[in-house]
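Now, the feature entries from TrEMBL:
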TRANSMEM  A:56-76  transmembrane segment
TRANSMEM  A:88-111  transmembrane segment
TRANSMEM  A:117-139  transmembrane segment
TRANSMEM  A:151-173  transmembrane segment
TRANSMEM  A:193-213  transmembrane segment
TRANSMEM  A:244-269  transmembrane segment
TRANSMEM  A:281-299  transmembrane segment
TRANSMEM  A:311-331  transmembrane segment
Amino acid sequence: MRSFSAVFFALIALLSLTLLGGVFVGAYELAPAELWLALTGQSTDLQQFLVWQVRIPRLLLALLVGAALATTGAATQGLFRNPLAEPTLIGVTSGAMLFAAAAMVLSFRFLAAAPAWLQQGAVSVAAFCGALVTTGLVYRLASGRGRVNVATMLLAGIAIAALTSAGTGLLIYQSSEQQLRDLTFWTLGSLGGARWGQVLGAGPIILAGVYFLHRDALALNAFLLGEREAAQLGFRVQRVKRRVIIWTALVVGTCISLTGIIGFVGLVIPHLLRIWQGTDYRRLLLFSALLGGSFLLVADTLARTIVAPAELPIGILTALVGAPFFLWLLLRERGKNALL
Amino acid sequence: MRNLPLLFLFSFLFVACSPAAEPVTEADTATKTSPRIVSLSGTLTELLFALGQGDALVGVDVTSTYPAATAELPKLGHVSKLNVEALLGLQPDLIFVDAAVTNNPALKTLADAGVRVVYVPLRPTLDNAVQATATLAGHLDLPEASIATVKANLQRDSLALAAALQGANTRPRVLFLYARGAGQVLVAGTGTEAEAIIQLAGGTNAIQSFADFKPLTPEAFVEAAPDVILMFSSGLASLDGPAGLANIPGIAQTPAFQRKRIVAMDGQYLLGFGPRAAQAAAELAGQLHLPDPQ
């Protein structure tokens, strides 16, 4: 196993490289010299706007969301002690989906009197609220007598997800052609609407989430032995569980509200790192953030360039790029070691 | 990937043009005789071509399929899924979009970049093209002759429509089927554009119990008892023609299917409500009021 700092700097280098690559390529072709002029504010208004208001905020949002999804994926896998776990399991995604669908389909009936900013951001606000409300519900269902039962939480999460998807189905039945299309695109995710406001709003929440989840890395390591054993090692198990759930809900809710549902990142990135680095959450959470950021940056750069002047939904690309690579790794490592 | 050669062409153009890329200012765009236009609506694209603005178009959305010249233009995908960078790369002065599109973050960004985004109200009426032309004329220098031609054509076709409806003393019940393969068949309810064209063509919508598009049960097909089934040509093709229609449970039992009264028309032509709206209505009216073959 390579040393922590070697891997850390390798991943930082990868991130910087993808970020640099992302600045260079786009549907609007800019020669390096032009790009430099635009970056330093000496080119045309249009090119400066393109680089500073369209391209760079989008790159940063991709980086943040990728980091957030991969880290929370790793943390939930640790919490559930299950390699297939994803934030979906605590109800975040399905809840956000239901509320977002409600905002899209019912918006005209309820929101006519609302202020303009709320009408424009209705889907985002609804998705964020939905993520927190359903996660809260799943959490309440799984907790009793001061403790959270993780197995109950898993099952409650599945039940609530079934219930909310029934609600989403009803809304889809109610929806018009246009609303249905919006909804479908939303479930495939997009970073197309990225602006500075979103980067600055989501940034602190996501960075705080990654930091606080990383602080519980040792506890998650102890969880590998089992909850009782972790408690005997001196970890305050209930508090760790609550913190992981709250931060996951907050961070994933923020991401979904801005970009729609982007699958696969939370599952694949932590596993790639497990195969490469082993399961040590002190490494796994931080490295997931770095690798997840690079991964989504690359995926989004492809999404906005390969079918230009149109745009591919990023959810298609995360699976298209990630799945074959993941399978290749899986087959290569087959039989060598267990996955968790 | 089909657009790759185009993309290359455009990147070449940009490289070729880049030394000359001067700051685009208000004065420049104002003095230009022909602004660069992007249309994000099939109906508006068709209308812009009819108004002689085809050469000014630099990009269209995925619903812009008529006239054939649209195939030569960069396709920008669906309006809910725009690539802001690529759109800016086309350097449009004006973007025309259906006013029904609201809260679109990409269009907001484009407006912030200084592109004039014009929301054109579109309605399912015969004179929609004339109304939309009035909106377009507020932003474009349209030749009087082309406006007159659009109006004259609509009037001529409206007369043809009136003639087709002259002898008609029944209002056949028409069921509009929106099909994307046998598994996905929706039916047009009240308040849809399909209902509007059916009524204009002298028929009634066989469905009165719900609004918008819904899937239908086999029993409801039989109960609707349509005299005519109306479809998009593409929809009928997705079912492998009229024979495949029989595979949808309930359809084979309808009077329309048994009398082989199935009408298929191009989607943009039938429901675009553009400059050919009256022509489409007249053609449909002719189909609806055929003398019964038996």
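Yeah, the Cβs are placed from backbone N, Cα and C, and that goes for glycine too.
Predicted, not measured: the structure shown is a model, and the values here were computed from it.
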Exercise. Counting Cβ pairs under 8 Å that are 6 or more apart in sequence, does the total for the transmembrane segment (A:56-76) and the transmembrane segment (A:311-331) reach three or more?
Worked result: no
Exercise. What parts of the chain pack near the transmembrane segment (A:151-173), using Cβ distances under 8 Å and only residues at least 6 beyond its ends?
Worked result: 80, 82, 85, 88-91, 93-95, 97-98, 101-102, 104-106, 134, 137-139, 141-142, 180, 183
Exercise. So are the transmembrane segment (A:117-139) and the transmembrane segment (A:311-331) touching or not, going by 3+ C-beta pairs under 8 A with a sequence gap of 6 or more?
Worked result: no
